[in-house]
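Data block below; observations after.
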Amino acid sequence: MVNKENARSVGQQVKWIGSQDELPPVKNLEHKNVYFYQKCIYGPLTLSVGDFILVSNADAAEPDTVSGCDVARILHMYELRELTDREPCRAIVQWYSWPKAIPHNKYDDDEVAIDFSLEVIEEHRPYDNDVALGAIYRKCIVLEGTSKTSAEEILKRHANKLKSTACPMFVSRYRFVKVKRSYRLIPLEIHLEQPEDNARPTRSSRKSLTAHRESKRSISARHDDTAGNKGSSVEKRRRASMAASSSVEFIDVNSFICENKVSPIKIVGGRSVVRLSEKKNAPEINANYLPASPLTEKNAKVETPKSRASAARRNLNLSLDRGADTTADSDCLNYSIVQQTPDPKTPSNDMKIKLRLSERRRSVRLASMDVDPLSLEEAVQEPNAQGRKRLGVANGDIYHTPTKKSKEPLESAAATEQTPSTRRKSILKSATSRLAEGTPRRSIHLSNIVEQRVFEDDEIISTPKRGRSKKTVQDNDEDYSPKKSVQKTPTRTRRSSTTTKTATTPSKGITTATATPMTPSQKMKKIRAGELSPSMQQRTDLPAKDSSKSELQLAREQLHVSVVPKSLPCREREFENIYAFLEGKIQDQCGGCMYVSGVPGTGKTATVTGVIRTLQRMAKQNELPAFEYLEINGMRLTEPRQAYVQIYKQLTGKTVSWEQAHALLEKRFTTPAPRRVTTVLLVDELDILCNRRQDVVYNLLDWPTKSAAKLVVVTIANTMDLPERLLMGKVTSRLGLTRLTFQPYSHKQLQEIVTARLGGSETFKGEAVQLVARKVAAVSGDARRALDICRRATEIADTAAVKCVTMLHVQQALAEMIASAKVQAIRNCSRMEQIFLQAIAAEVTRTGVEETTFMGVYQQVETIAAFMGVTFPPPGRALRLCSKLGAERLIISEHSRNDLFQKILLNVSADDIHYALRVEEMVN
């Protein structure tokens, strides 16, 4: 924070030029003693209202460079005549953001083309626009242009005028403004009413946006003389906000009736969006309104007939070519909506769909229909002779195509007359089977308005349906009637798993065999193309299980502690408390600390990270201000001061020494920055960071108390009384009183957690899960330990070739988990190795010294072997046993070159040896 001495020094460096201005309506300054000016001199800079400047970003790695600054335009300059800690000479600015600071999903629109090296974007997010003049690095130049002109062209256009300047130059063509409930990139030539207001536009404003699109032109076009003469008598109207994706817009149906030109159709992201034409005269209020897609009104433009027709062909062909196959057999699909109106003075409601398919694709798609439902107009050009020859049809009857052949005998013997029974009010073609060569399929989709408007009730088209099974054909054999004979030409035959067509609907009659399962990417492509429609059952079902894995293997994978569960059972109250704390701090953009404690395995880290994921998802949906998330774990640090290095690396991506990282973090969290977002820091295993000086923990808990930091720290430790037992008083006071304790899980909660992980699998019996839950809850309540025991039980059951885990398997796993690893290693040793360990323990007990020699141990080996009736080993074999136990780290021994005088030391306790080598187990 700037102290008073620095504030006075900065104020003395600023020299105001001109007289004081009237008080403009600036928020937060209405009740303060301030004087506004138009111009000033600050050091070597001469600043005026309207100048573009570079403001140093305190959060950047190099704030004294162009890349470490933010671009802004000065709106007001004022001097604060009150004694505060802030700098008195300040400015109100309009921010401009670098393209990398805008979410990447905002660039998905095909009409947005950003040059990341030259452009800046006018920012309308609620950043603090009050900056000190001392933070200004230098002046710059921002050239505003239209979205139809590239950034390089704008720079070249002003190159001659700006040759002498050495200021950095940028181009601005878009603004990032809030429309309805989300932020969007809007070209500068589009002026919106109250861009940051969430209120819905009125119907008149929507009509103004629809009816007066022609006034949405470039900035250069506004200064054109001809455009100025034409528009001198027309009053400028402010544009309404663009329609959001969640809202419902209304358009007049009469615009479809009176429009007699081709409207371009653009396919965006697999969805077909009809670009509607507007009426040239202002629309009247009509009760006959239909809801339309927001994208429809967004893409609406007023164009000349020639440019509109060319745009239709260009947009449609580009959209189709992007998703088409690169092979020679790819579809050639083109369609548009035209009116069958020979005289433009006599409008008609009859509309037709003009469709052009490749001959090869047409012969496959329309083979099962006697008359194609999408008949061409008489003026459509007929296919060439070669295409007619390939189709086997006569001139003027290009859609009477022969039916397909099938290798099933029933299809060649009987065919049904086409009697469509079910009709739909759409021109949506059903997905057909793929060609053998792999020709991609594509369906035709139009909006509901066009579907209901294009065809009258007596012109509704039936959709071809697939053939039914053999059983249906045999049961309904008496309903068949002979079909009209049609001249057939040789077509490509395919193997079929079904039989002839039914009498009710026109069908393909040919269904391919079961294909290989589709990958998720292929499935999503088909859903976007409209060939598949996602159902609720498909979204809720679990992913397909791998047939090569058994049920026990799948259960073992789900029981692993590293698997992230879909939900956190039994921690709903703790989740809500952490969520409320973090959400409030992010909303208020202030700092704070929270201490989370609990025994290991109680879900502390999982609950906090689950809250963070929820908050990040809300921030992406613009329901919460953006924030940064950092995470450090004391177990992953070589020493406590490395926490500074990890935090700075996550903030900037650079690795520096801990001294430099500490200095830079101290500067960052104590220096105010107007565009700084809230930072959430998760410190796991806080007790490991507690060194003797406790400086690391003190700094991590002291930074959130700074008003300029906007830092929220969530600390996690296993000890409930860590602040009072280990931390000093000044550290404990900064930790605050916001504490949350995770209690150990009860047996019912552990049983619920294990059952949720199994996900309805029948690999565990209920009493087996209950036994694990009760055993673990009685000892520690550690959910990780319960999952490990269940996982080990599945391994034991899998080894025994059993498909279900019983209580015997759980008891065996419990016995292994309760015993230590050293005890397990001793039990798995050979008989002579166990005798050697027993001899070492006996020699240590006899001498009272933990360190002994091989000679004394060998004497004990001879005695124990004679007592147990075992042939005692020779000294050479005993030396080999000593070396093997030393390699297993059960004992610590010198090099074997010392022979009988090498020193031996037990690496396990004598109690572990006696526990592992009980007399009854040795006898057995």
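Just so you know, glycine gets a Cβ as well, placed from its N, Cα and C.
Cross-referencing E685, E752, E816 against the ATP binding annotation in Swiss-Prot, which names V564, G598, V599, P600, G601, T602, G603, K604, T605, A606, N718, R784, picks out E685.
Checking S147, S358, S426, S746 against Swiss-Prot, you find phosphoserine recorded for S426. Per Swiss-Prot, the annotated phosphoserine among residues S241, S310, S412, S430 corresponds to S430. Sequence-distant neighbours of G603 (ATP binding site): residues of the same chain at least 6 apart with a C-beta under 8 Å from its C-beta are L568, C570, R571, E574, F742, A783. Over all protein chains present, the Cβ of D684 (Mg(2+) binding site) has 21 other Cβ atoms lying within 10 Å. In sequence order, D684, I716 constitute the residues six or more apart from T605 (ATP binding site) in its chain with CB-CB distances below 8 Å.
Within 10 Å of the C-beta of V599 (ATP binding site) there are 17 other C-beta atoms, taking all protein chains into account. Taken residue by residue with DSSP, T605 (ATP binding site) is part of a helix. Using a 10 Å radius centred on the Cβ of G601 (ATP binding site) and all shown protein chains, the other Cβ atoms total 23. In sequence order, V561, P600, G601 constitute the residues six or more apart from R784 (ATP binding site) in its chain with CB-CB distances below 8 Å.
Confidence over the domain 'BAH' (45-187), given as mean pLDDT on the 0 to 100 scale, stands at 88. Secondary structure at V564 (ATP binding site), taken from DSSP and collapsed to helix, strand or coil, is coil.
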